[in-house]
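I have placed the structure first, in the form of C-alpha cells, so that the comments after it can refer back to it.
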Amino acid sequence: MAKLNRSNIGLSLLLSMFLANFITDLEASSHQDLNQPYRTGYHFQPLKNWMNDPNGPMIYKGIYHLFYQYNPYGAVWDVRIVWGHSTSVDLVNWISQPPAFNPSQPSDINGCWSGSVTILPNGKPVILYTGIDQNKGQVQNVAVPVNISDPYLREWSKPPQNPLMTTNAVNGINPDRFRDPTTAWLGRDGEWRVIVGSSTDDRRGLAILYKSRDFFNWTQSMKPLHYEDLTGMWECPDFFPVSITGSDGVETSSVGENGIKHVLKVSLIETLHDYYTIGSYDREKDVYVPDLGFVQNESAPRLDYGKYYASKTFYDDVKKRRILWGWVNESSPAKDDIEKGWSGLQSFPRKIWLDESGKELLQWPIEEIETLRGQQVNWQKKVLKAGSTLQVHGVTAAQADVEVSFKVKELEKADVIEPSWTDPQKICSQGDLSVMSGLGPFGLMVLASNDMEEYTSVYFRIFKSNDDTNKKTKYVVLMCSDQSRSSLNDENDKSTFGAFVAIDPSHQTISLRTLIDHSIVESYGGGGRTCITSRVYPKLAIGENANLFVFNKGTQSVDILTLSAWSLKSAQINGDLMSPFIEREESRSPNHQF
Ligand SMILES: OC[C@H]1O[C@@](CO)(OC[C@@]2(O[C@H]3O[C@H](CO)[C@@H](O)[C@H](O)[C@H]3O)O[C@H](CO)[C@@H](O)[C@@H]2O)[C@@H](O)[C@@H]1O
C-alpha cells in the first residue's frame, strides 16, 4: 500500500472532502431513522454508547482531531472510560477512529479520564490525561503518538515515565480530586506550565500549577495558579489567552505582543456549569488575577446557561481562531439512554473571542456550518404584532439554522424589573407564555408539533430598571430557553434555562441565532454574548412534523428586522474508518523523542 507523503496526503484530503460532500448529499436526502428520532444530523456524537467530556481537540497536519470520554460498553458512564477519537478536515464531517487509548497500565488501569493536547514547538502533539491508577487514585499521565507522520494519529503509546504527577502525604492533594490537566503553555524561562483541577476538603476550588523543562518531570508550584473558596471541585479547567484587539485567536503559549487578556474556565461539580473569568496572568508570579473576581451568584458569567459542561478550547493555527467544544448531556432518564443505545452530544464547535468591551466572551458557530446550508427563507421588515405567531415555511424545521433580529420601538412600555429578580433562570421559569406582559416574550418556537401540543421556545423579555443614580432608564434583556412544553413525555428534565444579555435595546438590535437538530436546540443571543443549549425529546414534533414559528406574546408590537432560516443537510459524523480514500501506512516506527 502506498506510503503517506506530502503530496498524497493532500490528494487524500481532497478526496476525503469530496467523499464527505458526496455522502452528505446522500444523507441529506435520506430520512431520519424513525426508531432513533433523537439522533442528530450535524452535532457530533459517536455511533453508539456513552460520551462525555471533549478531550484534547487540536489540528495536526491539516486534520482536526476530537477525542472524547467514551464508554465502549454501553450508554451509561463507567469509571473505566477510554479516549474515543474522531478526525475531520472541516470540523463538520467526521471519520471514526479507533479509541486513542484504553486503560492498560498501573497508572490508568481503572480509567483514562479527561485531559488535553499540547503541540510542542517542534510540531509534535502530546497528551496529558488523568489516569485512575491501581489504587483507584487520580494521577496525571502522558501519551504520545506512535507515528507522527500519520496525520490521523491513530496510535498512541504511554511512555514508561507514567505517572508524571501524583498525590502523596507531602503535597496533601486528595487522590479523588486531582484531575483534568489543561493544554500546557511555555514560559519565557523555557519551562512548561500546566494546571490540574482540584479542591480542598473545605471546598476551596484549585487550579494546581505544575512546571517542567522536558514535559516528563513535573514539579508542583508552591502556589496554585488560582483558587476560590467555597466553589468545590474544579473539573476540566481551561486557561487560554484572548486578543484585546479583534476576534482572531491566540496560541496558548503566546505572550501577546499586541495585547492579551487571559480566560480561566472551570467546570464546577457542585452546579454542573462552566464558569469563566477574564483577567490578567502575571508571568513573573505565575498567578492569575480575574478582573472582577469570581462572581458566585446566579448571573455569574458562564459559557452556556443551558445543558453544557466540561468544555475545552484549542487554537486553530490554520484559520487563526480559538475553537470551543462542550459536552451536552442528555436530559432523559438513564433507562431511555440505555434503550436508545447512546448518550451525550458535543455542542457545535464555536469560535470564541473577547468582546471589545473586554468584559465578556463572544461565541459563534464556526463558519463551516454554512457548507450544510440548503433551502433558505428570508424575511425583511415584518411587524410582529402583539399576541401574534408567524410560521416560517420552507425549511426543514427539525434540522435548521435560524437567525433573526428584532427591534422594539416603544421601550418605555417595558415592565419594571423587581430588584429581587436577580436570578434569570427563575424569572424565565416563572414566565407563562399564555400570560401577556409588556415587552416580550418574543422569539422563536422551535420543534413545534402540528397542533402545538409540543414546542420549545427561545425568547427575550425586556424590562426597565429605574436607576436613580443618573436618572436614566436602563433596560435589562432576558433570554430564556423554555423546554416545559417540549415533549409529551414527562419523564425528561424539562427545566427552563435563562440568562441576561448585556445589550442596550435602545440602540442595539436584539438578535437570536438558533441551531435546531432533532434533540438539541443551541441558541446564541445578542451576537453570541449569551448562549443557551437545551436537550428536548419531542414525541410528535419529529422530522416533517416539526414546525418553526416566530412569536410575540407581549402587549406591544415588535419589528423583525431580518430573518434568515436555512435547512441544514446532515453531516457525516461517523464516517467509516475503512474508507478506501484513507491511506494507511503499514510500517509504524515508535517515536518517543520529545
Ligand atoms: O469521565 C471522567 C471525566 O469526567 C469528569 C467531568 O465530566 O468527571 C466526571 C465524574 O463523574 C460524574 O460524571 C459522570 C459524567 O461525567 C457521571 O455520569 C458520573 O455518574 C458522575 O460520577 O467523575 C467523578 C467520579 O465519579 C465525579 O466526581 C465526576 O463528576 C472529569 O472530571 C473526569 O475526568
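Cβ from N, Cα, C; glycine included.
Per Swiss-Prot, the feature active site maps to ASP53; the stated evidence is sequence analysis. Other C-beta atoms found within 10 angstroms of the C-beta of ASP53 (active site) number 25, with every protein chain shown included.
ASP53 (active site) falls within a strand segment according to DSSP. Taken from Swiss-Prot, the feature substrate binding site applies to TRP50, MET51, ASN52, ASP53, GLN69, TRP77, TRP113, SER114, ARG179, ASP180, GLU235, supported by similarity to another entry.
The disulfide bond annotation in Swiss-Prot covers CYS428-CYS480 and is backed by similarity to another entry. In the three-state DSSP classification, CYS480 (disulfide bond) falls within a strand.
Marked as N-linked glycosylation site by Swiss-Prot: ASN147 (among others). The DSSP secondary structure for ASN147 (N-linked glycosylation site) is coil.
For ASN217 (N-linked glycosylation site), the Cβ neighbour count at a 10 Å cut-off comes to 11, with all displayed protein chains included. The N-linked glycosylation site annotation in Swiss-Prot covers ASN217 (among others) and rests on sequence analysis.
As annotated by Swiss-Prot, N-linked glycosylation site applies to ASN297 (among others), with the evidence given as sequence analysis. Counting every protein chain shown, 7 other Cβ atoms lie within 10 Å of the Cβ of ASN297 (N-linked glycosylation site).
Reduced to three states, the DSSP call for ASN329 (N-linked glycosylation site) is coil. Spatially close to ASN329 (N-linked glycosylation site) yet at least six residues away along the chain are ASN52, LYS307, TYR309, SER343, GLY344, ARG535, judged by Cβ distances under 8 angstroms. According to Swiss-Prot, the N-linked glycosylation site annotation covers ASN329 (among others).
For 1-28, the entry in Swiss-Prot reads signal peptide, with the evidence type sequence analysis.
Only TRP113, ARG179, GLU235, of the recorded positions TRP50, TRP113, ARG179, ASN217, GLU235, place a Cβ under 6 Å from an atom of ligand 1. Here CYS480 (disulfide bond) is positioned 30 angstrom away from GLN69 (substrate binding site), judged by their C-alpha atoms. In this record, substrate is bound by TRP50, MET51, ASN52, ASP53, GLN69, TRP77, TRP113, SER114, ARG179, ASP180, GLU235; the longest C-alpha to C-alpha distance in that set is 20 Å. Only TRP113, from the recorded positions TRP113, ASN147, ARG179, ASN217, place their Cα within 10 Å of the Cα belonging to ASP53 (active site). For the recorded positions given as ASN52, ASN147, the lowest number of other CB atoms within 10 Å of the residue's CB is seen at ASN147. With CYS428 (disulfide bond) as the anchor, the candidate recorded positions are ASN147, ARG179, ASN217, and the one with the nearest CA is ARG179.
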